[in-house]
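So that you can see what the record holds, here are the features copied from TrEMBL:
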- 4-136: domain 'Alanine dehydrogenase/pyridine nucleotide transhydrogenase N-terminal' (DOMAIN)
- Arg15, Lys74: substrate binding site (BINDING)
- His95: active site, proton donor/acceptor (ACT_SITE)
- Ser133, Asp197, Arg202, Ser219, Val266, Ala267, Ile268, Asp269, Arg278, Val297, Ala298, Asn299, Met300: NAD(+) binding site (BINDING)
- Asp269: active site, proton donor/acceptor (ACT_SITE)
Amino acid sequence: MRIGVPKEIKPQEHRVALTPAGAARLVGSGHAVVVESGAGAAIGYGDADYRDAGAELAGSAAAVYAADLVFKVKEPLAGEIPLLRRGQVLFCYLHLAAVPELAHALVARGVTAIAFETVEDAVGRTPLLAPMSRVAGRMAVQVGMQALEMTHGGRGVLLAGVDAVAPGRVLVVGAGEVGANAAHIAVGVGAEVVLLDRDPERLASVRARYPGRVETLLSDPGTVAEQTARADLVVGAVYLHGRRAPKLITRDLVRRMRRGAALVDVAIDQGGIAETSRVTRHDAPFFVEEGVVHYGVANMPGAVAHTSTLALEAATLAYLERLAGLGPGAALAADPGFAAGLNVAGGRICHPGLAGDLGLPATPWQDALFT
């Protein structure tokens, strides 16, 4: 199969979907790999590295998008949509529930769109979302500490505290990969940490990992209201497979937060858990709303692109090999969890959660792909 790897054009997105080592592996399996010139330059992978790995270099995105399968990191932007064609496979992060206009565009183009974030393993976990969730969770506390600095409008609290001064209080809403990793870093810096989730088993797992260091509470509206009012930093870490994030933190709750507190809404790529959240960029990540410093960068791992690229490829490459080796129909038929990644095919929505959010019927993936 001919696999195209474009240069990411989302603002401040420095990751690349495929390293030269990954390209060599695919070429060794008999596939043709076309990489857009400069795709890996930001993290030290030059065109010569890809050429030495056996990949072809393309001088334009159009040449890359002529491939049978487009493998990238983030969703295609407006300028890339016209390059997609019916039956072509697109394999990347999509987060379509938060951008319905993109979902409709992919439907109109007839693309076979497989989203990293909705692929599942045998027990329902999201193995292609997990590595970037770990990165984003760990970054959340890091950027939250910056948001609390007075230069950004923060209340001037040091989460770690110092001798004779109590540490700051961190509230993490959601105990999945993002939340557990945010709690890990918050504990490490010495903050007071509270973790909310609706799943007792998730809470017990984190509590056992950090005995006496993390207060775990079952999430309900009253608890969310009480804990947001007491927090210096709130991390939004809720993910519903393929669906928009629930608005657990209302504008009124933000208004009741401490003036200069920080809200890092990692769930912003699915719409965010706070009514006051909006998407920001790495070059202007913070804004103040209702007296609270917000962070809403939707591609957080792009700021640590070297680490993120290696972690992402380690998770995605085996799936890409199956897609390219078997073709989408056979690859998805062999693995129901992989099939859960199919969001759009044949001009129809296939993922039930996405279809529900868009108010459209969900078409079984076999019907969409084979009819």
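Placement of Cβ uses the backbone N, Cα and C atoms for every residue, glycine included.
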By Cα-Cα distance, the member of recorded positions Arg15, Lys74, His95 nearest Ile268 (NAD(+) binding site)
His95
Please tell me which one of the recorded positions listed here (His95, Arg202, Arg278) sits closest to Lys74 (substrate binding site), measuring Cα to Cα?
His95
Please determine which of the recorded positions listed here (Arg15, Lys74, His95, Arg202, Arg278) has the lowest count of neighbouring CB atoms within 10 Å.
Arg278
By Cα-Cα distance, the member of recorded positions His95, Arg202, Asp269, Met300 nearest Arg15 (substrate binding site):
Met300
Across every protein chain in view, the count of C-beta atoms other than its own within 10 A of the C-beta of Ile268 (NAD(+) binding site) is 25
Neighbour count (Cβ, 10 Å) for Ala298 (NAD(+) binding site):
25
Cα-proximity to Asp269 (active site, proton donor/acceptor), 10 Å cut-off, over recorded positions His95, Arg202, Ala298:
His95, Ala298
By DSSP assignment, list the helix, strand and coil residue numbers for the domain 'Alanine dehydrogenase/pyridine nucleotide transhydrogenase N-terminal' (4-136), in that order.
48 helix, 21 strand, 64 coil
Can you tell me how far the Cα of Arg202 (NAD(+) binding site) sits from the Cα of His95 (active site, proton donor/acceptor), in Å?
24
